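As recorded in Swiss-Prot, the features of this protein are as follows:
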type     : residues                                                                        : note
ACT_SITE : His132                                                                          : active site
BINDING  : Cys45, Gly46, Ala47, Gln48, Arg68, Arg76, Ser78, Asp108, Lys109, Gln110, Gly158 : NADP(+) binding site
BINDING  : Asp217, Glu389, Glu393                                                          : Mg(2+) 2 binding site
BINDING  : Asp217, Glu221                                                                  : Mg(2+) 1 binding site
BINDING  : Ser414                                                                          : substrate binding site
DOMAIN   : 15-208                                                                          : domain 'KARI N-terminal Rossmann'
DOMAIN   : 209-344                                                                         : domain 'KARI C-terminal knotted 1'
DOMAIN   : 345-484                                                                         : domain 'KARI C-terminal knotted 2'
Amino acid sequence: MANYFNTLNLRQQLAQLGKCRFMGRDEFADGASYLQGKKVVIVGCGAQGLNQGLNMRDSGLDISYALRKEAIAEKRASWRKATENGFKVGTYEELIPQADLVINLTPDKQHSDVVRSVQPLMKDGAALGYSHGFNIVEVGEQIRKDITVVMVAPKCPGTEVREEYKRGFGVPTLIAVHPENDPKGEGMAIAKAWAAATGGHRAGVLESSFVAEVKSDLMGEQTILCGMLQAGSLLCFDKLVEEGTDPAYAEKLIQFGWETITEALKQGGITLMMDRLSNPAKLRAYALSEQLKAIMAPLFQKHMDDIISGEFSSGMMADWANDDKKLLTWREETGKTAFETAPQYEGKIGEQEYFDKGVLMIAMVKAGVELAFETMVDSGIIEESAYYESLHELPLIANTIARKRLYEMNVVISDTAEYGNYLFSYACVPLLKPFMAELQPGDLGKAIAEGSVDNAQLRDVNDAIRSHAIEKVGQKLRGYMTDMKRIAVAG
């Protein structure tokens with residue numbers, strides 16, 4: 001199998017990278033009716049598998065779970081979750097032949113084995129669904145020509161997909177049809193019905209492509225969403241302790257600081273996050289972010305280049321074949337870092353304190369979000385896609401760190417995201433060490449002293465923040481998400 005993207009000519013590559021259309025709510029007037037009365041079989045019962053299935057069943061669809069024989073015989077976690085929630089469970093051989101839509105929600109590294117097992121069992125004219133296009137785009141999986149291949153990709157972890165549905169809402173979602181596999185021209189109807197059944201149509205749906213979803217998703221998770229948070233956590237903790245801060249306090253300031261800061265980002269973009277600072281602190285955060293962007297731009301561009309070329313995917317798949325040696329080594333090393341092993345702080349940190357003493361962290365968020373967005377757009381990805389894969393998902397990832405530090409983040413994200421995170425953070429930490437050595441008092445761990453500011457400078461900085469393209473597209477997209485619940489901010 002060959003990387004699908006690399007088999008396309010330049011015009012086709014650009015067309016698929018740039019496919020992105022915000023769909024109107026009237027396009028979902030029929031809800032999930034196209035799949036009513038049809039058999040939907042989900043392969044895999046992890047966070048996405050279970051929670052999408054619960055939503056789809058509540059939307060009136062016929063949902064069952066196909067699991068490997070060993071998982072059923074040994075009553076593994078996937079079997080327990082499906083059966084405890086009242087779903088029909090069976091082997092591939094029992095359920096796949098009757099399925100009208102088979103949805104593969106297993107981890108990326110299992111996709112080829114799963115598709116190899118289920119494809120011969122699928123009836124003529126059935127559909128195969130994904131929530132991430134890695135197997136199609138990067139692996140280059142060949143699917144039978146009579147099978148329709150679609151994607152519905154919620155831009156949130158599976159738990160959020162369920163919680164927002166229960167509130168009568170949903171999460172922003174990308175949908176796509178694989179252009180090589182739409183023999184009956186029904187792919188979009190299937191994808192729309194599936195998205196509606198999960199509740200995604202209530203929060204905004206982008207019609208995208210497998211290529212655009214994969215390339216933007218990989219870029220976001222490697223850089224700002226996971227890699228920048230990991231690198232920032234390690235660098236900021238070490239800096240605080242080096243300057244005499246109690247390790248327990250330093251750990252809490254960082255662990256819960258990302259979540260608190262990015263909650264403002266979620267509600268009002270970079271503008272609101274920066275507005276939480278005093279005027280002197282805002283000017284300093286802006287200056288720091290510009291320095292960071294200049295330093296990190298080549299690293300962000302390298303990650304985007306390696307994602308576009310397929311270099312990243314081939315390296316990761318080589319590690320899969322080597323029993324995840326690199327991944328497991330990096331995971332173990334991360335668990336032994338000073339940040340991960342620091343004691344817990346029992347005192348309370350007020351919400352504003354996270355902003356006042358986290359000017360550098362805010363600068364890192366601003367720089368990382370803007371760089372990821374700019375680098376994607378420069379590579380042909382449309383602004384709406386770039387927004388979802390940079391700014392939108394950041395509060396959700398920050399929330400995982402608030403639960404159990406970097407360990408929790410790396411457990412919750414996919415192995416693909418975790419591998420990319422380590423590649424980025426292992427390069428970013430040494431890259432930023434000279435910058436960290438030049439920080440001033442008030443940049444981290446202490447509030448910047450109040451003082452006079454130059455009105456013209458403040459005006460220009462405010463204009464620069466608010467006029468960035470991500471702020472303009474973000475304001476539009478957040479208009480569809482006003483009902484999404486706040487992420488709880490810890491004390």
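Quick reminder: no glycine exception, Cβ is built from N, Cα and C everywhere.
Positions of Swiss-Prot features highlighted on the structure.
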residue	record	Cβ contacts under 8 Å, 6 or more apart
Cys45	NADP(+) binding site	Gly53, Tyr65, Leu67, Ala77, Ser78, Trp79, Lys81, Ala82, Leu105
Ala47	NADP(+) binding site	Pro157, Gly158, Thr159, Val412
Arg68	NADP(+) binding site	Thr91, Tyr92
His132	active site	Asp108, Met151, Ala153, Glu213, Val214, Asp217, Ser414, Thr416
Glu221	Mg(2+) 1 binding site	Gly227, Glu389, Ile413, Ser414, Thr416, Ala417, Gly420, Asn421
Glu393	Mg(2+) 2 binding site	Lys155, Cys156, Gly220, Leu225
Among all protein chains shown, how many Cβ atoms are found within 10 Å of the Cβ of Ser78 (NADP(+) binding site), not counting that one?
21
Those residues of the chain, 6+ apart, with a Cβ under 8 Å from that of Lys109 (NADP(+) binding site):
Trp320, Asp415, Thr416
Over the domain 'KARI N-terminal Rossmann' (15-208), what does the predicted model average in pLDDT?
97
Helix, strand, coil: count each for the residues of the domain 'KARI C-terminal knotted 1' (209-344), based on DSSP.
118 helix, 0 strand, 18 coil
Per the record, NADP(+) is bound by Cys45, Gly46, Ala47, Gln48, Arg68, Arg76, Ser78, Asp108, Lys109, Gln110, Gly158: how many Å separate the farthest pair of Cα atoms?
21
Mg(2+) 2 site shell beyond Asp217, Glu389, Glu393, criterion: Cβ within 8 Å of Cβ centroid:
Lys155, Ser216, Met219, Gly220, Glu221, Leu225, Tyr388, Ser390, His392
Taking DSSP three-state, what's Glu393 (Mg(2+) 2 binding site) in: helix, strand or coil?
coil
